[in-house]
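Residues or ranges marked as transmembrane segment in TrEMBL: 43-69. Marked as domain 'Protein kinase' by TrEMBL: 115-408. The active site, proton acceptor annotation in TrEMBL covers Asp265. What TrEMBL lists as ATP binding site is Arg269. Annotation source TrEMBL lists Mg(2+) binding site at Asn270, Asp283.
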Amino acid sequence: MKFRKNQPENEDDDPWWKPTTPQYYDPYYGGDHKNNERGGVNAVALGLGLGIPLGVIACALAVFIFFWCRKRRRQNRNPFPVPFAKKGNDYETQLDSPAYSIHDPWLLDRNNLEINYSKKLGSGAFCNVFKGKINGEAPVSTIHPGQRTQQLRDCPVAVKMLPSFADDAARSDFMQEINFMKSLAYHPHLVSMLGFVADRKSPYLLVEFCEHGDLLHMIRNRKQEIIDGPAVSLDGLKIKDLLMFSWQISNGLEYLNNIGCIHRDIAARNVLVDSSNTCKIGDFGLCRLTDSLLYTARGGRLPLKWMAPESLSSYEYSFKSDVWSYGVLLWELFSLGEVPYAEVQTTELLTTHRSGKRLLKPEYCPDEIYDVMRSCWQELPDDRPAFQQTCSILAQMLEKATENYGYLIPKHFNNQTRDPSEQCDNV
Ligand SMILES: Nc1ncnc2c1ncn2[C@@H]1O[C@H](COP(=O)(O)OP(=O)(O)O)[C@@H](O)[C@H]1O
Ligand SMILES: [Mg+2]
């Protein structure tokens, strides 16, 4: 061995193997010049011979540690770390992997859930929802023991699941929805998560069952009741109830904004109504938590007709783009379930908004509610109100509202000659 040539009898006397010793890096370091030159050559060779492999090993180790730590972090955050990142059979077989043995307090044993597949509650752009029943205690009761607004033992439940053909984007949104719902505290105007079940194909999200289903269907089904008003039935749904719904939704959204959440899919179909006629915001599939005031996202299936111009043009979302969507929701509500921009092609939506055209006042909509809608549809996000403001405006209206609230409006409009098929105008 080259370096062993000059090895002294006693290794402790000669530091050749200590690469940091200056003798081997400085050819003029003391003593015999010739010997020192040879020492310099040896030092370079030693540096190359040991330094390169050591450097490579150190880099490989650093990369390994980085990826290992990242994997551990993801596993801790997500109870479904591997299966849903993969397609087809890959993730089905992986479901038996130890990833599922991680204890999660939200997890309900599949045996304690009954799903009634003949009772479909609804379906949206991504998921199917069936009625079910939890046998025993719902997991949420141990996580938020103070939550006592509903029965949490042997209780009905809505079971949300992906269809078998769901793509990776839908799976990722669904996982995000489950994880986001876990982080939510109880709020009377947000749908509560009761737990989840790990199944071979996809998890099931268990949320509180809302007897009247979604707000859009409810309004459409009870449209005549609302039109007839208190004159025909005192128990029926009234314009004043719609005002109360508007406040409840605004209140739920104010809370979401306070915790830094942009919902991105505010629409009547995503608001659920429970047995006591309380509105609860649901469907957190597109919702994003953000530290900054702006969130930029691309792609996926998007609710174009509910989206603000800046979201349509530049994929920009903020609390104020939720406010725009809330205005469209109010329009759905007070038009008694009409489809917004029914006559506008989605490709023309942005031009319609930019040209200043807005949805017209629906027939049964009080002026002051339409004013709120219009304020939500200001071109510049900063000019739109915050949910705190819409809440207090609606609360004031509620205080003043009588049982006949809103019922003079149709007469007023009947005097005008307006083509009922027209929805948008420069008002
Ligand atoms: N908790 C619930 N109680 C009653 N019906 C529900 C419940 N959750 C959802 N639904 C029904 O299922 C439909 C789709 O649910 P949603 O969460 O919006 O799914 P998606 O993410 O596919 O849009 C809703 O519009 C509603 O009709
Ligand atoms: Mg939905």
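The backbone N, Cα and C atoms fix where each Cβ goes, and this holds for glycine too.
Everything TrEMBL records as a feature, shown here on the structure.
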residue: Asp265; record: active site, proton acceptor; contacts (Cβ under 8 Å, 6+ apart): Asp283, Gly285, Leu286, Cys287, Pro303, Trp306, Ser325
residue: Arg269; record: ATP binding site; contacts (Cβ under 8 Å, 6+ apart): Gly124, Asp214, Leu215, Leu216, His217, Asp283
residue: Asn270; record: Mg(2+) binding site; contacts (Cβ under 8 Å, 6+ apart): Gly124, Asp214, Ile281, Gly282, Asp283
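In the three-state DSSP scheme, Asp283 (Mg(2+) binding site) is classed as coil. Under 6 Å, Cβ to nearest atom of ligand 1: this is the test, and of the recorded positions Asp265, Asn270, Asp283 it is passed by Asn270, Asp283. Mean model confidence for the domain 'Protein kinase' (115-408) is a pLDDT of 93.
The secondary structure of Arg269 (ATP binding site), as reduced to three states from DSSP, is helical. All protein chains included, Asp283 (Mg(2+) binding site) registers 24 other Cβ atoms within 10 Å of its own Cβ.
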